[in-house]
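Annotated features, as they stand in TrEMBL:
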type	residues	note
BINDING	His113, His117, Asp306	Fe cation binding site
BINDING	Leu136, Val137, Ser138, Gly139, Gly140, Asp170, Gly183, Asp187, Asn278	substrate binding site
DOMAIN	26-312	domain 'Gcp-like'
Amino acid sequence: MMQPIVLGIETSCDETAIGIVRGRTLLANVIASSVEEHARFGGVVPEIASRAHLEAMLPSIQRAVTDAKISLKDIDAIAVTAGPGLVGALLVGVASASGLAQGLGRPLYGVNHLAAHVSVEYLTHDKPTDPTIALLVSGGHSSLLQVDDITGSITKLGATMDDAAGEAFDKIARLLALGFPGGPAIDREAQGGSPTAIDFPRGLTTSQDWQSRPYEFSFSGLKTAVARYLENTPRFVRADVAASFQEAVVDVLLLKALAACKSTGINSLVIAGGVAANSRLRAVAADRCEKAGVQLRIPAAGLCTDNGAMVAALGSLMLSSGRPATHGAFDADSSLKVEQVNL
Ligand code: KG4
Ligand code: ZN
């Protein structure tokens with residue numbers, strides 16, 4: 001039997017993204033970003049994002065259907081990001097998805113953006129990858145999760161107490177005049193620098209922290225340390241600052257993720273979210289996981305930042321595991337908790 005086709009819609013931030021999968025096979029992944037319209041403000045402006053989603057929605061759906069070489073009526077189910085994210089931006093996606101699902105007479109799954117980030121990795125594996133520890137690092141969220149079943153059983157082990165990892169990259173990039181979004185810019189700049197040039201602090205890694213909050217993150221002290229270093233060092237080497245800052249983030253993320261693997265006895269780690277595209281994080285993770293005997297899975301770099309394929313992937317997994325669709329009209333939930341996989 002042919003596997004069902006699922007179309008996923010993602011509009012939680014500044015990407016209007018449509019993905020189409022058949023079972024676990026990716027058929028289309030269309031991304032229209034309004035990032036350039038936000039760049040001069042140094043961050044995403046919600047009103048601009050909502051308007052851009054409205055304009056990009058129909059052309060993006062049309063392009064995805066064309067890329068997938070299907071027609072709209074071939075779609076078996078629709079999935080949409082219901083939260084967390086910018087409420088106005090989410091609403092455009094939810095309204096579009098509801099209309100499409102009703103028009104086609106197909107089930108609709110309102111799904112969690114964070115779980116979707118993790119589930120995109122499942123597109124590349126035939127066998128279930130549960131249980132796993134997941135390190136979810138994006139612009140809005142950073143948490144360590146125990147995933148027993150990606151379609152319904154996610155436990156939060158810890159999260160950031162202040163900035164998200166991606167947010168830290170974005171803020172340091174601004175200090176270094178590297179533009180927005182900062183992650184890719186720091187990643188590039190760091191290639192020419194030394195990760196050991198400056199010994200920046202690793203947040204929440206004292207022995208006291210390991211006792212009381214082993215899986216929490218904090219990046220605000222690191223941000224202050226970088227700012228102070230720049231103030232006190234007029235002739236700083238930008239590439240060294242970028243590489244040393246990046247190293248501090250990567251080090252602490254992996255220390256905590258591998259500690260979670262060890263204490264739960266789960267020898268599997270998925271790293272997901274925009275920061276998982278970071279080349280240094282990918283390299284150091286590969287090295288440390290191999291040494292620790294932990295199986296590492298990271299989505300292809302292009303599927304780490306926001307996309308529709310991840311939403312379609314989670315919808316497809318929900319459908320194949322017999323999870324009920326979302327009934328009736330539903331609102332977007334801008335602060336949807338990571339443990340709640342669907343509405
Ligand atoms: O997952 P994502 O696309 O959106 C959210 O759900 O937040 O993550 C965006 C974040 C941004 O903060 C961006 O700077 C960061 O991911 N990012 C990176 C890299 N590519 C994107 N951070 C570090 N290195 C990268 N190569
Ligand atoms: Zn995201």
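Note: Cβ is positioned from N, Cα and C throughout, glycine not excepted.
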* Filtered binding-site residues, from Leu136, Ser138, Gly183, Asn278, Asp306, whose Cβ is under 6 Å from an atom of ligand 2 -> Ser138, Asp306
* Structure fact -> For Gly183 (substrate binding site), the spatially nearest of the binding-site residues His113, His117, Asp306, using Cα atoms, is Asp306
* Spatial neighbour of Asp306 (Fe cation binding site) that is closest, considering only the binding-site residues Leu136, Ser138, Gly140, Asn278 and their CA atoms -> Ser138
* Asked: Looking at Cβ-Cβ distances, which residues of the chain lie under 8 angstroms from Ser138 (substrate binding site) while being 6 or more apart from it?
  -> Leu114, His117, Ala164, Ala165, Gly166, Gly273, Gly274, Val275
* Specify the secondary structure state of Leu136 (substrate binding site) as given by DSSP, simplified to three classes. => strand
* **Of His113, His117 (the binding-site residues), the residue whose Cβ has the fewest other Cβ atoms within 10 Å** => His113
* Taking just the CA atoms, what is the gap between Asn278 (substrate binding site) and His113 (Fe cation binding site) in Å? -> 20
* At the Cα level, what's the spacing in Å between Gly140 (substrate binding site) and His113 (Fe cation binding site), rounded? -> 11
* Asked: DSSP on His113 (Fe cation binding site), three-state: which is it?
  -> helix
* To do: Could you measure between His113 (Fe cation binding site) and Leu136 (substrate binding site) for me? Cα positions, answer in whole angstrom.
  => 11
* **Distance in Å spanning the most remote Cα pair of Leu136, Val137, Ser138, Gly139, Gly140, Asp170, Gly183, Asp187, Asn278, given for substrate** => 18
* Asked: Taking Gly140, Gly183 as the binding-site residues to compare, which has the smallest set of other Cβ atoms within 10 Å?
  -> Gly140
